[in-house]
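Straight from Swiss-Prot, the features:
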type     : residues      : note
SIGNAL   : 1-34          : signal peptide
DOMAIN   : 41-265        : domain 'Peptidase S1'
DISULFID : Cys47-Cys180  : disulfide bond
DISULFID : Cys68-Cys84   : disulfide bond
ACT_SITE : His83         : active site, charge relay system
ACT_SITE : Asp127        : active site, charge relay system
DISULFID : Cys159-Cys226 : disulfide bond
DISULFID : Cys191-Cys205 : disulfide bond
DISULFID : Cys216-Cys241 : disulfide bond
ACT_SITE : Ser220        : active site, charge relay system
Amino acid sequence: MSLRVLGSGTWPSAPKMFLLLTALQVLAIAMTQSQEDENKIIGGHTCTRSSQPWQAALLAGPRRRFLCGGALLSGQWVITAAHCGRPILQVALGKHNLRRWEATQQVLRVVRQVTHPNYNSRTHDNDLMLLQLQQPARIGRAVRPIEVTQACASPGTSCRVSGWGTISSPIARYPASLQCVNINISPDEVCQKAYPRTITPGMVCAGVPQGGKDSCQGDSGGPLVCRGQLQGLVSWGMERCALPGYPGVYTNLCKYRSWIEETMRDK
């Protein structure tokens with residue numbers, strides 16, 4: 001099992017989260033690939049520019065290295081995976097190509113990180129976190145919030161996941177531009193068979209039975225969108241992505257809408 005995060009330094013020997021690291025300069029985001037960079041969208045395509053206006057890129061530390069994906073929920077709140085938490089975070093919105101300055105981009109400082117109180121870093125249960133921005137984002141064509149779903153998705157529901165993670169696995173290749181892939185919500189029995197005694201109500205699996213399409217390392221915290229609403233967040237999966245019979249595992253946001261709303265109200 002592997003978390004779909006990218007970190008800095010050497011590769012961890014155990015499960016990894018999907019995090020992608022890049023350096024954001026004052027006016028341009030230049031992507032850097034560390035030894036831990038291993039996952040991106042597999043089997044997808046370059047997203048149409050501004051087609052995922054809620055997509056966020058999390059930037060960690062004073063060097064503003066790209067860490068994870070996320071989704072804009074309101075002018076001042078972003079949601080991501082809990083395992084993406086770091087002491088210093090900024091959020092880049094309105095991005096398409098991480099290697100270029102873009103007129104649509106906005107980079108905002110995170111002033112508050114609220115991890116779900118029951119997050120378990122060992123089991124990856126309750127893997128979500130809310131980020132409060134220092135100032136509201138400017139909403140427009142390239143930057144727009146998405147609503148968290150009220151209802152849990154039924155098996156077979158068509159969804160889309162997006163991110164800047166690796167486009168190949170196990171050998172990593174990272175794209176400059178945001179990638180999208182269409183996948184389906186997996187039946188519970190498929191999810192349980194792939195990951196026995198591991199899946200909780202706070203998790204949902206998504207992929208395609210034949211494999212070849214998946215989120216991957218570098219995509220952690222990114223949005224799984226079904227029928228125009230935010231259904232999940234990239235959380236974890238197999239070390240090698242897009243294997244037949246092993247869908248990706250996502251935070252099941254239909255189980256957390258009340259907590260999300262209460263947290264965003266409690267400023």
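Yeah, the Cβs are placed from backbone N, Cα and C, and that goes for glycine too.
The shown structure was predicted, so the numbers you read here are calculated from the model rather than taken from an experiment.
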Return the residues near Cys205 (disulfide bond) by Cβ distance under 8 Å, restricted to its own chain and a separation of at least 6 in sequence.
Ile185, Ser186, Val190, Cys191, Ala194, Tyr195, Ile199, Pro247, Gly248, Val249, Tyr250
CB within-chain contacts under 8 A for Cys47 (disulfide bond), separation at least 6:
His96, Ser162, Ser177, Leu178, Gln179, Cys180
Using a 10 Å cut-off on Cβ-Cβ distances across all protein chains shown, tell me which of the disulfide-bonded residues (Cys68, Cys84) has the largest neighbour count.
Cys68
Could you check which of the disulfide-bonded residues (Cys68, Cys159, Cys226, Cys241) sits closest to Ser220 (active site, charge relay system), going Cα to Cα?
Cys68
Test of understanding: give the count of other CB atoms lying within 10 angstroms of the CB of His83 (active site, charge relay system).
25
In sequence order, the recorded positions (Asp127, Cys159, Cys216, Cys226, Cys241) whose C-alpha falls within 10 A of Cys84 (disulfide bond):
Asp127
Position of peak Cβ density within 10 Å, selected from the disulfide-bonded residues Cys191, Cys226, Cys241:
Cys241
Taking Asp127 (active site, charge relay system) as the reference, which of Cys68, His83, Cys159, Cys216, Cys226, Cys241 (the recorded positions) have a CA within 10 A of its CA?
His83
Look up Cys191 (disulfide bond) in the DSSP assignment and reduce it to helix, strand or coil.
helix
DSSP state at His83 (active site, charge relay system), helix/strand/coil:
helix
When neighbour density is defined as the number of other C-beta atoms within 10 angstroms of a residue's C-beta, which of the disulfide-bonded residues Cys159, Cys216 has the lowest density?
Cys159
